[in-house]
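Asker: I have a structure here, written as structure tokens, and I will follow up with some questions on it.
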Amino acid sequence: MAGETLPGVTREERTDARVVLHVDMDCFYASCERLREPALRGEPLVVGMGYEDGESFGAVATASYEAREFGIESAQPISQALERLPPITESDEEPGGHYRPVDIEFYESVAEEVREILHECADVVREVSIDEAYLDVTDSTAWRTVGGDGERERTLAEGVGRHLKQRIAREVGVPASVGVAPNMSAAKVASDHDKPDGLVVVPPGSVRDFLAPLSVTEVHGVGPVTARKMGEMEIRTAGDLAAADPDRLEERFGSRGRELHDRARGVDDREVTPTGRPKSLSRESAFAEATADSAEKADVVTGLAADVADRARSRGAMYRTIGIKVVRPPYDVNTRARSLSGPVDDPELVREVALDLLTEFDGDAARKVGVRVSNLSFADADQSRLDGWEGSAAAVSTDGAGEGSAGAEGDGGREVGDATDGQVSLGEFD
């Protein structure tokens with residue numbers, strides 16, 4: 001739907017307010033681990049880094065919501081977290097705690113799938129980290145209200161947020177919280193407001209009222225030190241901050257004080273700026289049930305290859321690498337890729353290479369397949385067709401959950417921002 005106006009929306013019916021979405025993947029590393037180990041769902045789960053059995057160092061990268069009930073938090077020493085986790089017992093009624101080491105390559109492979117959906121749903125996407133992004137969908141929806149006559153009234157913008165959440169859950173299998181608002185800071189607060197798996201919509205004109213009762217720490221940009229200093233000024237809620245004297249705030253915090261004052265009032269003029277050109281483009285599709293039928297897998301890969309080639313052409317991109325992904329149950333990710341001797345724009349070649357790579361998985365059950373083109377080139381150049389691709393390049397492949405080899409990049413190479421709340425960021429999309 002990127003770049004298109006939803007049915008029933010006219011330019012005259014739009015308001016001047018932008019429609020901004022903030023997408024935050026809930027306990028992303030833990031959610032990824034549950035993809036490949038479904039038995040971990042509902043169990044206290046800690047994902048950590050830098051820890052070895054018997055050692056005292058290492059830190060929690062993320063803790064599931066179930067683990068947080070035992071006082072486990074991100075950045076906490078692993079040794080302390082393991083002491084707080086409940087022991088694993090034979091009883092199905094008592095939750096047992098689990099620890100898994102960080103597998104950033106696997107998490108990035110899942111993030112690629114989420115990212116593809118984001119870029120299909122919006123023309124303007126700013127990726128902040130591996131599990132967080134802003135989308136500006138102003139050109140494809142509106143704040144106009146629909147429904148009534150017995151149906152709950154809702155904005156068209158809410159429909160976009162709900163559609164995005166449902167696609168991520170259905171096609172990737174991980175939960176996301178989405179905030180919808182007329183600016184970036186309000187959308188960020190909204191996505192944090194009803195975690196996990198939440199959808200919070202803050203229409204234009206209601207942002208200040210929405211923020212007013214919240215703790216000042218929830219205003220985007222207010223950290224613990226700033227909150228403590230504001231507490232000394234009797235500023236404890238966003239409403240207090242909005243009502244404060246901006247000159248006094250500027251004296252205490254510099255220009256940032258006035259900026260935070262604006263945000264508490266619902267004012268944020270920052271634009272969602274895209275974060276650079278992609279390094280790869282891909283499409284994936286999950287089967288309703290895992291299938292070993294070679295013809296069924298080939299049919300899906302053929303369609304995905306056509307979609308990917310069309311997307312590359314629409315963006316003016318040529319590619320030097322063509323690859324596939326095959327996910328075997330429960331979530332065993334396998335990738336294969338073939339590099340070409342030069343950049344091409346050739347849909348038929350994408351189909352041929354993808355199907356040829358797929359033959360290695362004949363007889364294997366697959367729950368999901370995907371096609372990717374990578375090593376993209378956007379420079380003005382003559383298009384080329386490599387008919388003899390078989391002899392021009394060697395196949396490059398990776399097995400298992402890793403996707404760190406050539407041809408396995410995502411839409412990477414983008415600017416990155418701060419780590420997301422509640423999870424230590426170990427790596428970005430590139």
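Cβ coordinates come from backbone N, Cα and C, glycine included.
Keep in mind the model is a prediction, meaning the values are calculated, not measured.
Got these off TrEMBL a minute ago, pasting:
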ACT_SITE  E132  active site
BINDING   D24, D131  Mg(2+) binding site
COMPBIAS  253-272  compositional bias 'Basic and acidic residues'
COMPBIAS  401-410  compositional bias 'Gly residues'
DOMAIN    20-223  domain 'UmuC'
REGION    253-285  region 'Disordered'
REGION    389-430  region 'Disordered'
SITE      Y29  site 'Substrate discrimination'
Asker: For the compositional bias 'Basic and acidic residues' (253-272), how many residues does DSSP put in helix, in strand and in coil?
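Answerer: The breakdown for the compositional bias 'Basic and acidic residues' (253-272) reads 11 helix, 0 strand, 9 coil.
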Asker: Please report the number of other Cβ atoms within 10 Å of the Cβ of D24 (Mg(2+) binding site).
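Answerer: Summing over all protein chains shown, D24 (Mg(2+) binding site) has 26 other Cβ atoms within 10 Å.
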Asker: Summarise the model confidence on the domain 'UmuC' (20-223) as a single mean pLDDT, whole number.
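Answerer: Within the domain 'UmuC' (20-223), the model's average pLDDT equals 91.
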Asker: Once the chains shown are all counted, how many other Cβ atoms turn up within 10 Å of the Cβ of the residue listed as 'active site'?
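Answerer: The answer is 24.
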Asker: Between D131 (Mg(2+) binding site) and Y29 (site 'Substrate discrimination'), how far is it from one CA atom to the other, in Å?
Answerer: 9
Asker: What is the number of other Cβ atoms found within 10 Å of the Cβ of Y29 (site 'Substrate discrimination')?
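Answerer: Taking all protein chains shown, Y29 (site 'Substrate discrimination') has 31 Cβ neighbours within 10 Å.
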Asker: Can you give me the Cα-Cα distance between the residue listed as 'active site' and D24 (Mg(2+) binding site) in Å, rounded to a whole number?
Answerer: 5
